[in-house]
Amino acid sequence: MYSFSLTTPTAHHSHLLLHRSSGRFPPTILISSFTVRSSSSLQEVEKFSESSADRKDLSSELYASVPLPPIKTAKRVVLVRHGQSTWNAEGRIQGSSNFSVLTKKGEAQAETSRQMLFDDAFDVCFSSPLVRSKRTAEIIWGDREEVILTDSELREIDLYSFQGLLKHEGKEKFGAAYRQWQVDAANFNIDGHYPVRELWTRARNCWNRILAHESRSVLVVAHNAVNQALVATAIGLGAEYFRVLLQSNCGVSVLDFTPQPEGGSPIICLNRLNQTPNSPVASSSSGGRKTTKRIILVCHGVSEDNRASSSFLEDKPMNVLGTIQSQKVAELLLDLKVSAVISSPKKACVETAVAVSRVQEAADCLGADCVPRYVEMQQTNKLDVDSIPDHFKQARCDTNVFEPGWLNKLNGGVITEVWNQSGEAWKSLLNEMDDEKEPEKIIVVVGHPAILLGLVGQCLNLTKDWIGSFHLDAGSISVLDFPDGPNLPWTMKSFNGDGQKTPKGTQLR
């Protein structure tokens, strides 16, 4: 299914595209080096933004760590980007202009999102006032009686002189400034403004109003950039993460907020990122850039008497549901040409890996004269937790690893061991990808949920303090793309997608 949550990070320069696959969804991530420190108020952020207007480098220290207002009860916020607009289709830079409207495809995307969210009992809907977003909100909101609340700060990023230009026109007219917009958006300056920095401050303001509303389930319909900023500011990421959390047209992202017993900023979990009706693995490009190398993290299916649970130390085969989940994952990857499947030696992981490899090997053998393609299979203990010292593990042998927030229950010793091991596994995977003899390579990785979560943190270059805020579901996938090779910026195209469910009206391919 889906889930992703964070607390306090340190990140580096990378490109991430997150996406869920229960109905198939994608996003993006670009990161610069920074260290998060504590700060106390939004005023400090605004003051910092003003004082840094002439600085070349933008620090995330204040943006990332300003606490959100306390809440009394748990709250879920569902973010949706508008459907395809006429300017999207033309490749025109929209920004906060209000001249484009939904295309027929955009209207259909909004209807699909409505069906995906049909069972969600929303209490309130906030929308950008721009026509393309407001129309999407109206379609999703349907015949609910409650009035849609428009908020001007939910408008798309203000791009000033860029707005209305085709992308090639922006490149021709603004040259170096357009290049900076592409490669260093956080420090991009136009017409005396820093659009991304302004957007981050605006998004942070939005959270004050959204969380203050007396509701438990909130729908927010807005735009790509502002939804990126909403996700990032909620989980504590600075403006360097612009284009890391990309939102596809009508992509759905879900954030869960849990009140702290002692008050203060709530616990935040990014439960879904960029869920869309399209497959996260079908496209060979990430954020518009062609990718030739990819790592796909796969969480094995469930075991234990048809319950969606698995203990921290469990080594049992999958049950019927788990087998179905693994088969759906294999079908979801059918269109890819997987080079290798690397798994933990645990039974459920091996069964899942075998399901993927069998479907892959049979995929090209549809004719009578076809020879099945060989898919290399490897096993490594680096993808399991068996090497963690017993005195750290034994107290948590009954922990349900598919229960949201389960990692927060583990002691610091276990977290440290998991983090260190995931670091070793990540290095091995990068080495596996860094093979000049194979310009195109896709690796499927099936491991213990704790190690997979550690790998997500490692690829974001976070610290171990973040790992307890991530969550993976049984039978989920996460897609990491390497458009420029494994040692350069990359894209996480899907996080915690699952192949076992699809939105109403869609089919797995």
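Along the chain as shown, residues are numbered 1 onward.
Cβ from N, Cα, C; glycine included.
The substrate binding site annotation in TrEMBL covers Arg81, His82, Gly83, Gln84, Ser85, Thr86, Trp87, Asn88, Arg132, Lys167. Counted within 10 Å of its Cβ, the other Cβ atoms near Trp87 (substrate binding site) come to 20, all protein chains included.
For His82 (active site, tele-phosphohistidine intermediate), the same-chain residues lying six or more positions away in sequence with a CB closer than 8 A to its CB are Leu102, Gly106, Ala110, Ser128, Leu130, Arg132, Ser133, Arg135, Thr136, Val221, Ala222, His223, Asn249, Cys250. The active site, tele-phosphohistidine intermediate annotation in TrEMBL covers His82.
Shown in sequence order, Gln94, Gly95, Ser96, Ser128, Leu130, Ser133, Ala222, His223, Asn224, Ala225, Val226 are the residues of the chain, 6+ apart in sequence, with a C-beta less than 8 angstroms from the C-beta of Glu156 (active site, proton donor/acceptor). Annotation source TrEMBL lists active site, proton donor/acceptor at Glu156.
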Of the binding-site residues listed (Arg81, Gly83, Ser85), the greatest number of other CB atoms within 10 A surrounds the CB of Arg81
For Arg132 (substrate binding site), the number of other Cβ atoms found within 10 Å of its own Cβ: 28
How big is the substrate site in terms of the longest C-alpha to C-alpha distance among Arg81, His82, Gly83, Gln84, Ser85, Thr86, Trp87, Asn88, Arg132, Lys167, in angstrom? 21
